[in-house]
Amino acid sequence: MSLRGRFAPSPTGRIHLGNARSALLGWLQARAAGGRFLLRIEDLDRARCRPAFLDDLYRDLTWLGLDWDEPPLVQSERGEMYQAALETLERAGRVYPCFCTRAEIARAASAPHGLGEEGPRYPGTCAALTPEARAARAATRPPAWRFQAVPGEWCFEDGLHGRSCQDVAAAVGDFVVRRNDGVASYQLAVVVDDAASGITDVLRGDDLLSSTPRQLQLYDALGETPPRFWHVPLVLGEDGKRLAKREGAFAVAELRERGIAVERVLGLLAAWSGLGDGSPVTREELIHRFRPESLPRSPVVAHETLLKEALGLG
């Protein structure tokens, strides 16, 4: 099977150069392998997503020359697919309704060893509720649905980080696959969509490295084949924190609107990716240069002075 990659942004703000780097690397991986590059719009957070940001996203990717090969997949239009997956998991006895509030989970997790790597570990409060207790609680509040995490380490071979393992049950506990407002969680939606799209390779930021074991458990429970994973270290600001979607020199739309040459932007992104020295470059040149093994294994710091110099903004 030929490589099928994707870029899956959320239209919650103007994309910054860190987002653009992820898109570029996914596009280069697909083009260098003679594969296909897909675009998915992850807009399930309806309160934060804006049509204007989506319009900017399409313009930014087009300006960068990062074309996609199939119509974009829009998550907000795929509720029936996520519901079908949830029903499959329910029939298999892999999920259960949870009526706990966030405050209740935090209180239950405050005992020693109760805090997991990503916040409070869910203590399993609702896992053993009787049908009668579930019915009584459902009369007062709609439930979220949780996947019963499989105990023991789940390991995978990451294209950049090598072997990575996590005991999901110990670190996270049973995790949400549908929120109590009826919206699918990120973990479920991304697995359903990548499987439906036939994605073979997922190249994304390494802030999502710890999500992968949960997703592998969902792939297994749904009878789907997982893709290969490539988790790229993030681009950080001078404060050491990940770049946020914001206006200014880091926003791609700002650079586009100021008339910055796209080759300058590509040159900067290439330098952050071990594919160049910061000199202006075309996307065609980068296709020939792309080698997964050349990608950095540690975060890149975006120094604003150097950024402006590289882009001719001094």
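Glycine residues also receive a Cβ, built from the backbone N, Cα and C atoms like all the rest.
Bear in mind that the values here come from a model prediction, so they are computed numbers and not experimental data.
Look at TrEMBL and you will find 3-301 tagged as domain 'Glutamyl/glutaminyl-tRNA synthetase class Ib catalytic'.
Residues or ranges marked as L-glutamate binding site by TrEMBL: ARG6, PHE7, ALA8, PRO9, SER10, GLU42, TYR186, ARG204. SER10 (L-glutamate binding site) falls within neither a helix nor a strand when secondary structure is assigned with DSSP, and so counts as coil. Residues near SER10 (L-glutamate binding site) in space but far in sequence (CB under 8 A, at least 6 apart, same chain), listed by position: ILE41, GLU42, ASP43, ASP45, ARG48, CYS49.
Feature annotation from TrEMBL assigns motif ''HIGH' region' to 9-19.
Feature annotation from TrEMBL assigns Zn(2+) binding site to CYS98, CYS100, TYR122, CYS126.
The feature motif ''KMSKS' region' is assigned by TrEMBL to 242-246.
What TrEMBL records for LYS245 is ATP binding site.
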| query | Between CYS126 (Zn(2+) binding site) and TYR186 (L-glutamate binding site), how far is it from one CA atom to the other, in Å? | reply | 21
| request: Please tell me which one of the binding-site residues listed here (ARG6, ALA8, PRO9, TYR186, ARG204) sits closest to CYS100 (Zn(2+) binding site), measuring Cα to Cα? | output: TYR186
| query | Could you tell me the C-alpha distance between PRO9 (L-glutamate binding site) and CYS98 (Zn(2+) binding site) in angstrom, no decimals? | reply | 29
| field | L-glutamate site span - longest C-alpha distance across ARG6, PHE7, ALA8, PRO9, SER10, GLU42, TYR186, ARG204, in Å | value | 16
| note | Rounding to whole Å, the Cα atoms of ARG6 (L-glutamate binding site) and CYS98 (Zn(2+) binding site) are apart by 32
| note | Given the L-glutamate site ARG6, PHE7, ALA8, PRO9, SER10, GLU42, TYR186, ARG204, its other Cβ neighbours within 8 Å of the Cβ centroid, in chain order, are ARG40, ILE41, VAL190
